[in-house]
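Trainee: The structure is given below, and queries will be raised subsequently.
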């Protein structure tokens, strides 16, 4: 029987690259479903994370950073993910970094739907050197858009997250839960495993490696001893191969070790992970190649 007091709905978390959207999503859900690195545009897909409380179910849509400077098929695809998410949700959370406002932030404002509850989240408040700067910064942004609420947060320290959830809950429609109570994401574990490998790549060699790098799980075999995984790292140029390998293969060994540890923690079972590299020239600027590699 339906509970007339229960609320459930979709929540888009949007913002320019590197403002902390994925870190916030992971903190709200309480587990890692979106990968994080210093490299902008780490998130490329629309990822649903689910949090269920006593009276609400939040389905968070972690989106790529909205790209305003660079073209190309991948960036067009990521921007489509953002605009589609904004059209399909009940609440919009616009994340901006404390004390920093740029052209990329401003270009998102016209896309925020006026018919949805919109919440301004000022992230990374723990990094502000002078807290007195926060109020004038927020006042400036509130004058630019009619946000329904503003919540300063530190996702890494867990500050103000409960207040943010309460503000989001106020915009969710009444309805039954869409997922089972223990569901954390609608993405399959193979997808999360591939993303964890990509995260380790970006964290270790992201400054040297261009964006033309993705990961595809090509083998997944569960046995009594655990799971055997073969992951293919697809790059665009032969010159990217030595960057990934490192001297004596040390980069790849570290990537594989750290990814294996995270995947084993995710699955709660032993993992044997093999990673190899494949060159596919120009894949990130071809719509067909993007679809072949699992991009929306």
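Here the Cβ of each residue, glycine as well, is placed from N, Cα and C on the backbone.
Heads up, here are the entries from Swiss-Prot:
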{"type": "DOMAIN", "residues": "7-174", "note": "domain 'Era-type G'"}
{"type": "BINDING", "residues": "15-22, 62-66, 123-126", "note": "GTP binding site"}
{"type": "REGION", "residues": "15-22", "note": "region 'G1'"}
{"type": "REGION", "residues": "41-45", "note": "region 'G2'"}
{"type": "REGION", "residues": "62-65", "note": "region 'G3'"}
{"type": "REGION", "residues": "123-126", "note": "region 'G4'"}
{"type": "DOMAIN", "residues": "205-281", "note": "domain 'KH type-2'"}
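Help me see these features in their spatial surroundings.
Mentor: Secondary structure from DSSP puts residue 125 (GTP binding site) in a helix.
When the region 'G1' (15-22) is classified with DSSP, helix, strand and coil residues number 2 helix, 0 strand, 6 coil.
On the 0 to 100 pLDDT scale, the region 'G2' (41-45) averages 48 in the predicted structure.
Cβ atoms under 8 Å from those of the region 'G4' (123-126) belong to residues 19-20, 23-24, 95-98, 134, 152-157, 159-160 of the same chain, restricted to positions at least 6 beyond its ends.
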Trainee: Using a 10 Å radius around each Cβ and all protein chains in view, which of these binding-site residues has the most neighbours: 15, 125?
Mentor: 15
Trainee: So how many other Cβ atoms are close to residue 63 (GTP binding site), meaning within 10 Å of its Cβ?
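Mentor: So the Cβ neighbour count for residue 63 (GTP binding site) comes to 28.
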Trainee: Using all protein chains in view, find how many other C-beta atoms are within 10 Å of the C-beta of residue 21 (GTP binding site).
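Mentor: Other Cβ atoms within 10 Å of residue 21 (GTP binding site): 29.
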Trainee: Using DSSP, how many residues in the domain 'KH type-2' (205-281) fall into helix, strand and coil?
Mentor: 28 helix, 30 strand, 19 coil
